[in-house]
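Peer 1: In case it's useful when we look at the structure, here is the feature table from TrEMBL:
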{"type": "BINDING", "residues": "A:ASP30, A:ASP75, A:ASP218", "note": "Mg(2+) 3 binding site"}
{"type": "BINDING", "residues": "A:ASP30, A:THR45, A:ASP75", "note": "Mg(2+) 4 binding site"}
{"type": "BINDING", "residues": "A:THR46, A:ASP47, A:ASP122", "note": "Mg(2+) 1 binding site"}
{"type": "BINDING", "residues": "A:ASP47, A:ASP75", "note": "Mg(2+) 2 binding site"}
{"type": "BINDING", "residues": "A:HIS54, A:GLU269, A:PHE327", "note": "substrate binding site"}
{"type": "BINDING", "residues": "A:GLY121, A:ASP122, A:ARG147, A:SER220", "note": "ATP binding site"}
{"type": "BINDING", "residues": "A:ASP221", "note": "Mg(2+) 5 binding site"}
{"type": "DOMAIN", "residues": "A:28-139", "note": "domain 'PurM-like N-terminal'"}
{"type": "DOMAIN", "residues": "A:151-305", "note": "domain 'PurM-like C-terminal'"}
Number of protein chains: 2
Amino acid sequence: MAKTEFDLIDTFFTQQQVQRADVNLNIGDDCALTSVLSGKFLATTTDTMVENSHFYPNIDPRDLGYKAIATNLSDLAAMGAEPAWVSLALTLPKSDENWLHAFSQGMFELLNEHHVALIGGDTTSGTVPSITITAQGFVEKNTALRRDQAKVGDWIYVSGTLGDGLAGFYLISDLYQGKKSAVNFDEEWLIQRNFRPTPRISLGITLAKYQLSHCALDLSDGLVGDLGHILQRSGVSAVLNLQDLPCSAALVNLYGRQQAEQFALQGGEDYELCFTVPNHKKALLDQYLAPLKVPYTCIGRIVEKNPQQNIIYQRQGKMVDLQISSFEHFK
Amino acid sequence: MAKTEFDLIDTFFTQQQVQRADVNLNIGDDCALTSVLSGKFLATTTDTMVENSHFYPNIDPRDLGYKAIATNLSDLAAMGAEPAWVSLALTLPKSDENWLHAFSQGMFELLNEHHVALIGGDTTSGTVPSITITAQGFVEKNTALRRDQAKVGDWIYVSGTLGDGLAGFYLISDLYQGKKSAVNFDEEWLIQRNFRPTPRISLGITLAKYQLSHCALDLSDGLVGDLGHILQRSGVSAVLNLQDLPCSAALVNLYGRQQAEQFALQGGEDYELCFTVPNHKKALLDQYLAPLKVPYTCIGRIVEKNPQQNIIYQRQGKMVDLQISSFEHFK
């Protein structure tokens with residue numbers, strides 16, 4: 001006999017939980033009950049992943065669980081928030097215990113690492129698998145990293161390396177569509193970067209806590225598109241130094257530096273942070289970020305609004321003409 | 001050209017908003033930022049509706065928007081929480097402006113009535129339309145209405161009338177499948193009860209605030225199934241008085257009292273509250289509920305756990321043998 005919704009919830013989604021003092025009532029009632037310290041803002045984000053729009057049917061459910069959590073925690077990191085709780089809405093054609101077991105393991109791998117509780121959700125039946133996560137965390141009032149806070153003169157930074165997520169997506173697509181049957185070491189590394197992005201939690205918290213930055217977002221749609229949101233909301237423009245774009249050895253090995261830069265600019269699903277730092281905080285930034293062991297790179301600077309060109313590209317100080325469109329899923 | 005995600009969000013989901021002092025940063029950044037008063041618990045619930053699992057493709061999008069909000073606010077009411085914010089994850093095959101306009105109007109009709117803000121969400125493309133709402137509200141610590149708090153001797157109450165949601169669902173199905181082509185006044189009323197359930201917000205808040213009850217849930221899966229959750233979690237049993245089950249005139253007109261009682265017991269999607277009240281609070285209950293103008297009925301009593309029979313059915317004080325299974329969607 002098929003397990004009921006209540007059995008499933010109990011089996012896979014309550015047994016691997018961390019305990020948090022701020023969770024008063026967990027899964028199983030009409031609502032979860034949690035408490036929030038005064039003086040803190042609650043940061044809330046929601047992301048949906050739909051089969052064939054955001055992932056292929058053959059994805060390892062463990063990777064899917066991991067990625068669903070990672071993309072949401074990345075949004076919290078982009079506000080400088082410390083993650084606390086998530087809710088899960090899961091739609092599946094049938095209740096498959098092996099699938100649920102692997103999916104929940106992938107979720108809890110990342111949830112438990114960051115001491116985040118799953119406080120509720122809904123499991124529904126539907127022909128197309130779909131996952132919606134709502135994640136919440138805390139940030140001290142007036143320290144949150146907002147898209148509208150970039151100032152002229154701020155330096156533009158990114159964490160990690162860019163373009164891996166998009167290159168990984170192309171490889172995953174080629175494998176799924178049978179255009180490719182095996183991958184080498186570098187290709188496998190890029191695929192893993194897509195399946196298992198690293199939410200930059202400690203970086204986001206440190207930037208906010210020490211007020212090293214007031215402006216950040218996470219790179220889900222690609223640097224050009226996402227930086228464009230910062231520029232538009234802050235009423236400024238940017239100069240990007242192409243030679244400084246951080247690209248992974250795997251990406252450069254496979255595609256060469258020039259193509260790697262294109263991936264870095266256009267690429268989606270990197271889930272790295274892009275943030276701006278006032279000039280007088282630059283030295284402090286290096287001091288506070290050193291212990292985190294999170295790679296970060298200065299790639300440009302915020303300039304006054306240029307109505308003709310939102311982003312000015314330079315290489316070694318010389319202007320370069322580039323047309324880049326941002327990444328759209330499965331188009 | 002199709003509108004982008006950002007245009008859509010702006011057009012339909014930010015312009016009809018109520019303003020709330022506790023919303024510091026709304027739609028448009030990586031996260032929303034909100035604040036919570038100390039001394040309050042935050043209540044969180046998530047519900048998903050998937051086409052062909054929870055609604056038919058021909059549903060009026062305005063009704064769909066209304067119902068998606070209603071079912072979530074109902075969960076908050078069942079905790080005694082005052083609703084504050086919702087997030088919306090919306091999956092659609094294509095971006096249809098007329099559809100989005102009507103859907104958002106239905107949502108905001110109910111959100112604005114209860115002064116609830118839409119603080120964020122995600123719009124994604126997928127072949128099967130699906131809506132996931134996460135709703136949050138506040139309840140004073142230690143007054144929340146929980147499923148595990150029914151005590152022997154408590155009276156069992158329900159709000160409104162029961163069975164209308166299920167009868168409405170059957171009528172909607174018959175119309176959709178062409179088994180029926182027109183409806184009379186009573187049938188239309190039942191259909192509206194299904195499409196537009198009334199979340200019992202003021203009732204839930206009053207029960208919690210004056211501690212008239214410590215135990216409630218909302219009837220989404222039917223009285224027998226849902227009351228079963230209270231009994232199981234509280235370690236008690238119940239006696240139900242069949243003659244006291246509140247059935248609407250429309251339901252009784254169409255199906256007769258006996259069939260109406262079956263609908264009332266088994267019926268899902270009523271979104272009425274079921275709550276228990278200690279004997280010494282009975283008079284106080286009537287006093288506090290009178291101004292709300294919300295109908296409510298005492299239908300039975302909590303008794304000591306009966307391992308043989310979780311719910312004992314009586315009619316005019318005499319035991320009745322009944323087998324009732326709870327409602328499952330679209331089965």
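Cβ coordinates are placed from backbone N, Cα and C, and glycine is handled just like the others.
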Peer 1: Could you tell me how many residues in the domain 'PurM-like N-terminal' (A:28-139) are helical, how many are strand and how many are coil under DSSP?
Peer 2: 36 helix, 47 strand, 29 coil
Peer 1: Could you state the CA-to-CA distance between A:ASP221 (Mg(2+) 5 binding site) and A:THR45 (Mg(2+) 4 binding site) to the nearest Å?
Peer 2: 16
Peer 1: Sub-8 Å Cβ contact with chain B: please pick out which of the binding-site residues A:THR45, A:ASP47, A:HIS54, A:SER220, A:ASP221, A:GLU269 have it.
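Peer 2: Sorted by position along the sequence, the hits are A:THR45, A:ASP47, A:HIS54.
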Peer 1: What binding-site residues among A:THR45, A:ASP47, A:HIS54, A:GLY121, A:ASP122, A:GLU269 are found with a C-alpha within 10 angstroms of that of A:ASP218 (Mg(2+) 3 binding site)?
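Peer 2: Correct set: A:GLU269.
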Peer 1: Going by Cα-Cα distance, pick out whichever of the binding-site residues A:THR45, A:ASP122, A:GLU269 is nearest to A:ARG147 (ATP binding site).
Peer 2: A:THR45
Peer 1: How many Å separate the Cα atoms of A:SER220 (ATP binding site) and A:ASP47 (Mg(2+) 1 binding site)?
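Peer 2: A:SER220 (ATP binding site) and A:ASP47 (Mg(2+) 1 binding site) have their Cα atoms 11 Å apart.
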Peer 1: In this predicted model, what is the average pLDDT of the domain 'PurM-like C-terminal' (A:151-305)?
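Peer 2: That stretch averages a pLDDT of 96.
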Peer 1: When the Cα-Cα distance from A:THR45 (Mg(2+) 4 binding site) is computed for each of the binding-site residues A:ASP30, A:HIS54, A:ASP75, which gives the smallest value?
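Peer 2: Nearest listed residue in space: A:ASP75.
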Peer 1: Can you name the residues of this chain that are 6 or more positions from A:ASP47 (Mg(2+) 1 binding site) yet have a C-beta less than 8 Å from its C-beta?
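Peer 2: Same-chain residues close to A:ASP47 (Mg(2+) 1 binding site) (Cβ under 8 Å, separated by 6 or more) are A:ALA68, A:THR71, A:ASN72, A:ASP75, A:THR132, A:ILE133.
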Peer 1: Round to a whole number and give the Cα-to-Cα distance in Å for the pair A:THR46 (Mg(2+) 1 binding site) and A:GLY121 (ATP binding site).
Peer 2: 13
Peer 1: Would you count the other CB atoms within 10 A of the CB of A:ASP122 (Mg(2+) 1 binding site), including those on all shown protein chains?
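Peer 2: Its Cβ shell of radius 10 Å holds 22 other Cβ atoms.
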Peer 1: Reduced to three states, what secondary structure does DSSP give A:ARG147 (ATP binding site)?
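Peer 2: Looking at the DSSP assignment, A:ARG147 (ATP binding site) belongs to neither helix nor strand, so coil.
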Peer 1: Within 10 Å of the Cβ of A:GLY121 (ATP binding site), how many other Cβ atoms can you find? Include all protein chains, please.
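Peer 2: Cβ-Cβ neighbours of A:GLY121 (ATP binding site) within 10 Å number 26.
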Peer 1: Using all protein chains in view, find how many other C-beta atoms are within 10 Å of the C-beta of A:ASP75 (Mg(2+) 3 binding site).
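Peer 2: A 10 Å sphere around the Cβ of A:ASP75 (Mg(2+) 3 binding site) contains 29 other Cβ atoms.
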Peer 1: Taking the Cβ of each of the binding-site residues and counting other Cβ atoms inside 10 Å, which one has the highest number: A:ASP30, A:ASP221?
Peer 2: A:ASP30
Peer 1: Could you check which of the binding-site residues A:ASP30, A:HIS54, A:GLU269 is the closest Cα neighbour of A:GLY121 (ATP binding site)?
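Peer 2: Out of the listed candidates, the nearest Cα belongs to A:ASP30.
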Peer 1: With DSSP assignments reduced to helix, strand and coil, which class does A:ASP218 (Mg(2+) 3 binding site) get?
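Peer 2: Where A:ASP218 (Mg(2+) 3 binding site) sits, the three-state DSSP reduction gives strand.
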